[in-house]
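Feature annotations, reproduced from TrEMBL:
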- 6-394: domain 'Major facilitator superfamily (MFS) profile' (DOMAIN)
- 9-30: transmembrane segment (TRANSMEM)
- 42-63: transmembrane segment (TRANSMEM)
- 75-93: transmembrane segment (TRANSMEM)
- 131-149: transmembrane segment (TRANSMEM)
- 161-181: transmembrane segment (TRANSMEM)
- 221-243: transmembrane segment (TRANSMEM)
- 255-275: transmembrane segment (TRANSMEM)
- 282-299: transmembrane segment (TRANSMEM)
- 305-325: transmembrane segment (TRANSMEM)
- 373-392: transmembrane segment (TRANSMEM)
Amino acid sequence: MEPAAKQKVIFVTYLIAALDVTWLFLQFSITPYLAKRLGFDTIWFGYLQTTVGVIQLLGGPIYGRFADVFGARTALSVSCLASVVYFLLLTVADSTFMLFVHKLPAVFMHGLPGAQMVVADLSENDKRADALGKLGLCFGIGMIAGSTLGGTLSTRFGEKFAASFAAIGSFVSLLLVLNFIPKQTKIHTLPESDKKGSSKSVFNLGEITRLMKFPGVAKTFTVKIMSGLPSGIFQVMFSIIAMNFFQLKAEQNGYLMAYFGIVQMVIQGAVIGRLTSRFTEYSLLLLSVGISSVVGLAQAMMTNVFQFCLIVIPMMFSLSVFNVITDSMLTKSVSPSDTGTMLGLCASVQSLLRTVGPTIGGFLYETYGVPSFGYIQCVINAAVFSVLLATGGRSHRT
């Protein structure tokens, strides 16, 4: 593929990712109110969120393997089609049972990891972190557009109209995938005989876990889980913290989410690329973990929303750099034919956090209060930083 053609595909992939995140955040403006109308209390809504986390935790690695075997176009098409079904089911969800049923297609809904795979396949190694960082810019755009659109459509036309709108939007994404994404984006493809053998191993756990045996993968993946866990729990519990600790109304919370999106857009669109061109990925990993530790201490000491708004800037910086750099390091550590599977595993880390986060976060919040999230983040990231600094990064330097 010519460089100009690659750039065109990457640009369309960014558009697909932005649309995917838009529909995701649009449904965040629908589900809580629909659940409340159906009689859900906080505990049952937590069960609903955990169900989604478990479904995507199971689906992430399999989806990544599926993408490696059958190609980017097929994988993204499955994700978009699952999105259409997901939102159509949401339009007819008029009972507790149907609200749980409509979450089932989420097992195939991995549009962002699919987009990451296309970008990772078509970008050069030395520009991969920057290219993946631009997807974070798409995430910020989708976060702002989806939250605004979802609230407006739900308020003016009702939840069913908003869900139908998202279903149509997901179908538009499907058309973009079918028309602009090539069947295979990998530079090095498997021979036909090997491909037939590989297609039988999509659900083979050994084909997925073998990636952990590649040099440096297990260490980076462990860091991704350990360092990401405290901030992941805080994010899961943030809606409760905003409502009870900061005493924010729904409208004010929407403004705060938009502020998150803007900060993330600036960092991932304008900052990460410059950093990756000047510093090694291992140095940036150390930087992000170190800042995360300091952010945790600041969170433990904050008392109002203004202080939190100041903390958001280094918090989003450390999160953005950490996620982009670890994804880039992990995809470079495996063969080009395995990048999809690896990105599927990376996506499963987020699903794991959404699965265990509500339980751990609820216990910490009720027992020790909001400062406990910050202290735990500070201690864990300080420990990870010390281990990374002591072990060095020769095998990871770029």
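Quick reminder: no glycine exception, Cβ is built from N, Cα and C everywhere.
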Spatial neighbours of the transmembrane segment (255-275) far in sequence, C-beta under 8 Å, 6+ residues away: 129-130, 133-137, 139-141, 143-144, 147-148, 242, 248, 284, 305, 309, 312-313, 316-317, 320-321, 324
What residues elsewhere in the chain lie close to the transmembrane segment (282-299), defined as a C-beta under 8 angstroms and at least 6 residues from its ends? 223, 227, 230-231, 234, 275-276, 307-308, 311, 314-315, 317-319, 321-322, 325-326, 329, 370-371, 373-382, 384-385, 388-389, 393, 396-398
